[in-house]
Amino acid sequence: MAARWAQFLLFSLLSLPQVYCEYGMVHVLSEKGSSKGKDYCILFNSQWAHLPHDLGKASLLQLQDQTASVLCSPSDVPDGGFNNRIPMVMRGNCTFYEKVRLAQINGARGLLIVSRERLVPPGGNRSQYEEIDIPVALLSYSDMLDIVKSFGRSVKGAMYAPNEPVLDYNMVIIFVMAVGTVAIGGYWAGSRDVKERYMKHKRDDGAEKHEDETVDVTPIMICVFVVMCCSMLVLLYFFYDHLVYVIIGIFCLAASIGLYSCLSPFVRRFPLGKCRIPDNNLPYFHKRPQVRILLLAVFCISVSVVWGVFRNEDQWAWVLQDALGIAFCLYMLKTIRLPTFKGCTLLLLVLFVYDVFFVFITPFLTKTGESIMVEVAAGPSDSATHEKLPMVLKVPRLNSSPLALCDRPFSLLGFGDILVPGLLVAYCHRFDIQVQSSRVYFVACTIAYGIGLLVTFVALALMQMGQPALLYLVPCTLITSFSVALWRKELAMFWTGSGFAKDLPQPPLVIASVNCPQLPKDSNVPASQQETEEMANPTLHVKELHSPTLAAEEPADNDTKTEQSEVSIAQSEEAAGHNKDDLESKSLNLEQKQLE
């Protein structure tokens, strides 16, 4: 139960949009001109001031080493100020705004803040951005030491932000991962739904124990979910440094469960490790699970722990994060079930409004002028932990660029942009199977999701800023699903989910006929009377089948007559039962073949 609530809490954070850090370069060379220049990575915020894209257009200015101070008070300013120079000062003790304001007042043309910790974008509020007109950037402490070692203390530098390709090749990888996860998860959810009904009909309890329970989402649950989204987002906004580790821990737990759920069907097919552990009284282990299942559980937990320990290793940790994220999304898609298109529409539209409000409306409500959503997704600039929320697929940029010197800029896609439309795709596949529509809803909705994602990438290229993907995915998937149902004249059934049955459809009841031999007709008795007697006394036919002489002895053998009648009726019911089972089996086999 605790794990279920943890997953629900994590799901409430999945629609957070992501932002991109702004990387630039500082080109450093000796004032004497005796050595070749060298580029170093910097992290800046273009809201303070823009940097030129071409090195030839950047001003080459003297770098003044002031790393002995933090530039938080006028006493930290040297005599003569920073006239037309770029001071290098240490990070800490005051805000970025206080540092850059002192530098600008004293004639600086830019500011480099040296950080011993991980680089974060230097942030401020809207009024502070309007007041400052010189660029400010963060430089790592190791790069500062390399500058002093390579060029001495008399150096010049030029800050610039080289252009990058509008779209990177990594977008193809993100597209394949996202669409593939939605398609596989939706298909799996529909197939699993049919299998559950099949197992329930057969009353095969042993087989059902291996399956995870599904959760049918109701309108009340959707309302609770939205309230949790809003509450958790506001709590993260005010208590980010404390709650971010809780979210990371929940992600590790949920991702390990998702990975186990995805791999267990394959592990159960292996012929090895079927033996069970000995009898014991330990919790869970008293059920004597198979050795191979225990090994799988240990493996899944180990993968999550490894990611949790090395999550900030940009060279390879993103591969583990993507694998765990895809497994988690597949698990959620096959576990959470929306029973009606009405519920799907409600969920998608509510989250659509949720995104719009927290991205575009909250900047007018906060003191800093920043949206709550962006502030939480990017991590507050004054965060002491500098941790990032992990609910994203991330792929490093693949195009060659001078910015490859930096900490590998990533392209990101939130799990919510996969799960929320994916629940609609899963509903479409289950509806396809129920109405036997050759998966037209499933295919159309999956294609619509892919088109919506492509539109998101185009908007990203045109606006050169991170996009809330649900802004494009929700209209594409909802309109497409609605149009298909309208075209097939199944809108009422699709809207209410009335095509679904709690159990498998029952075949029509067929009563087997009882073959009775005809009595020899008496010419002296009217035909209508003979037919009436035959219908009223079918047992007589059974008796005459055994011996013609029994007809004359009928009054003396009433007990035998009753006995024979019961046998005849029992045989009739048995034949009808066999026919019913045959029809049910044919119906089940038809659904299984349709899935295959």
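Backbone N, Cα and C atoms are what each Cβ position is placed from, and that goes for glycine too.
Annotated features in Swiss-Prot:
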SIGNAL    1-21  signal peptide
TOPO_DOM  22-170  topological domain 'Lumenal'
DOMAIN    53-147  domain 'PA'
CARBOHYD  ASN93  N-linked glycosylation site
TRANSMEM  171-191  transmembrane segment
TRANSMEM  220-240  transmembrane segment
TRANSMEM  243-263  transmembrane segment
TRANSMEM  290-310  transmembrane segment
TOPO_DOM  311-315  topological domain 'Lumenal'
TRANSMEM  316-336  transmembrane segment
TRANSMEM  345-365  transmembrane segment
TOPO_DOM  366-408  topological domain 'Lumenal'
TRANSMEM  409-429  transmembrane segment
TRANSMEM  442-462  transmembrane segment
TOPO_DOM  463-466  topological domain 'Lumenal'
TRANSMEM  467-487  transmembrane segment
REGION    543-596  region 'Disordered'
COMPBIAS  575-585  compositional bias 'Basic and acidic residues'
COMPBIAS  586-596  compositional bias 'Polar residues'
- Message: Are there any residues at least 6 positions away along the chain from ASN93 (N-linked glycosylation site) with a Cβ closer than 8 Å to its Cβ? List them or say none.
- Response: VAL70, CYS72
- Message: What residues elsewhere in the chain lie close to the transmembrane segment (316-336), defined as a C-beta under 8 angstroms and at least 6 residues from its ends?
- Response: 7, 11, 177, 181-182, 184-186, 188-189, 192, 212-215, 217, 251, 254-259, 261-263, 303-304, 306-307, 310, 390-396, 410, 415, 418-419, 422-423, 426
- Same-chain residues near the transmembrane segment (243-263), Cβ under 8 Å, at least 6 residues beyond its ends: 3, 6-7, 9-10, 13, 212, 235-236, 296-297, 299-301, 303-305, 307-308, 311, 323-325, 327-332, 334-335, 379, 385, 387-391
- Message: Check the DSSP secondary structure of ASN93 (N-linked glycosylation site), expressed as helix, strand or coil.
- Response: coil
